[in-house]
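**Student:** This structure is in structure tokens; I'll ask about it shortly.
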Amino acid sequence: MAAVAVAAASLENEKVGFISLVTRYLSGEAQEIEWSKIQTPTEEVVVPYDSLRPPPEDIESTKQLLDKLVVLKLNGGLGTTMGCTGPKSVIEVRDGLTFLDLIVVQIESLNAKYGCNVPLVLMNSFNTHDDTLKIVEKYSNSNIAIHTFNQSQYPRLVVEDFVPLPSKVQIGKDGWYPPGHGDVFPSLANSGKLDFFLSQGKEYVFVANSDNLGAIVDIKILSHLIHNQNEYCMEVTPKTLADVKGGTLISYEGRVQLLEIAQVPDEHVNEFKSIEKFKIFNTNNLWINLKAIKRLVEGDALKMEIIPNPKEVDGVKILQLETAAGAAIRFFDNAIGVNVPRSRFLPVKATSDLLLVQSDLYTLADGFLVRNKARTNPANPAIDLGPEFKKVSSFLSRFKSIPSIIDLDSLKVVGDVSFGANVVLEGKVVVTADPGEKLLIPDGRLVFINPPPR
């Protein structure tokens, strides 16, 4: 009966959340950014990672810290963009292990090493929930408590009259959508998991995308937050030219907040993209105090910027109203950013990223990807694979083995290209197959253009 009551209350809260989101959007509510008031955050607000004090060295003190932590992975996305079915987190990443396998092994290793009890929570969407429940059964004998909950399910809105699509057309799942990862706060509360973890003495939740292989538990960051009573921490990292559209942290009217490109006036967009003025971007690795989440959700205080996402379903123009978890930073007290090494941002969004993490740039230890010290360049190579490599199955079929890329600066592949075994790529490499032609790079071939200096 208690479970039924929680489910009913959750559904009612979800309805209230949807109505509130639509009302806010229709009212035109939006925070206008006055460009002249934007300030670069000081190192007290965006703390350099190297300046964090070392974590405790003894196992018992570390155990006490970790026992206050919950790890939450955003698990609502499908693998369709990479040609896979089901949750993206079950795509094999390396050595036959999936994203989810690696996450479980990482937390298991922590629990075993320190004798702690760090649970894993998966926030699913209605697209991934049923499959995920079946998948996690294989971890039943693992040294880790795994919890799941569903994020909200909102009806898509018909642009023409703003009526919910399911009330006009019977189209099943296509009439609904998960409203972005900003929904993590109310959904964690609505599911009953927030109160459960608070009753277990947990204090912080580490939230990250399930496809970011660099988003591992960092005891140094956790120790800093607990010691300084920071309610919210966003990990940021230095921008490169590939990240110019990423949201950045600013100081604005005495508070730290996220500035997204959609909020930037047209005349300042180029300035926003500059890596000279706005030098950092949001990794979406977030550390948040659980009691603060409870206070703000119960007070209906989390009014994050609404992201309108237009789409088309069966010829009908619709709108999805979404929010982002990073935008919540301005509502929390004593919120900070931590400027972390780039190694903590290793997302796999496409097969180009998969090539990086499957290569000899990394080795695998206890579920953690460890960068090869033989590579002296701190940046990873820029990989640009053509559409022939888009699907994971196509990608795998085109490599007899993953090439060595320790000394690679960049790789661009155009056309119907395949690679033999033990290929070595160095410098700036462009491989092009003429239209209608197949090109095979033979086994053991060293391929280079402008090779790096020896």
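Cβ from N, Cα, C; glycine included.
Per TrEMBL, UTP binding site is recorded for LYS88, GLN151, GLY180, ASP211, LYS349. What TrEMBL lists as substrate binding site is HIS181.
Mind running through what each feature is packed against?
**Tutor:** Taking Cβ-Cβ distances under 8 Å and a sequence gap of 6 or more within the same chain, the neighbours of GLN151 (UTP binding site) are GLY76, MET123, ASN124, SER125, PRO178, PRO179, HIS181, ASP183, VAL184, SER187.
Counting Cβ atoms from all protein chains shown, HIS181 (substrate binding site) has 22 others lying within 10 Å of its own Cβ.
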**Student:** Please work out which residue of LYS88, LYS349 has the most C-beta neighbours within 10 angstroms of its C-beta, and give that one of the binding-site residues.
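**Tutor:** Result for the most crowded candidate: LYS88.
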**Student:** What count of other C-beta atoms do you get within 10 angstroms of the C-beta of ASP211 (UTP binding site), across all chains shown?
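**Tutor:** Here the count is 22.
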**Student:** Looking only at Cβ atoms, how many others are within 10 Å of the one on GLY180 (UTP binding site)?
**Tutor:** 23
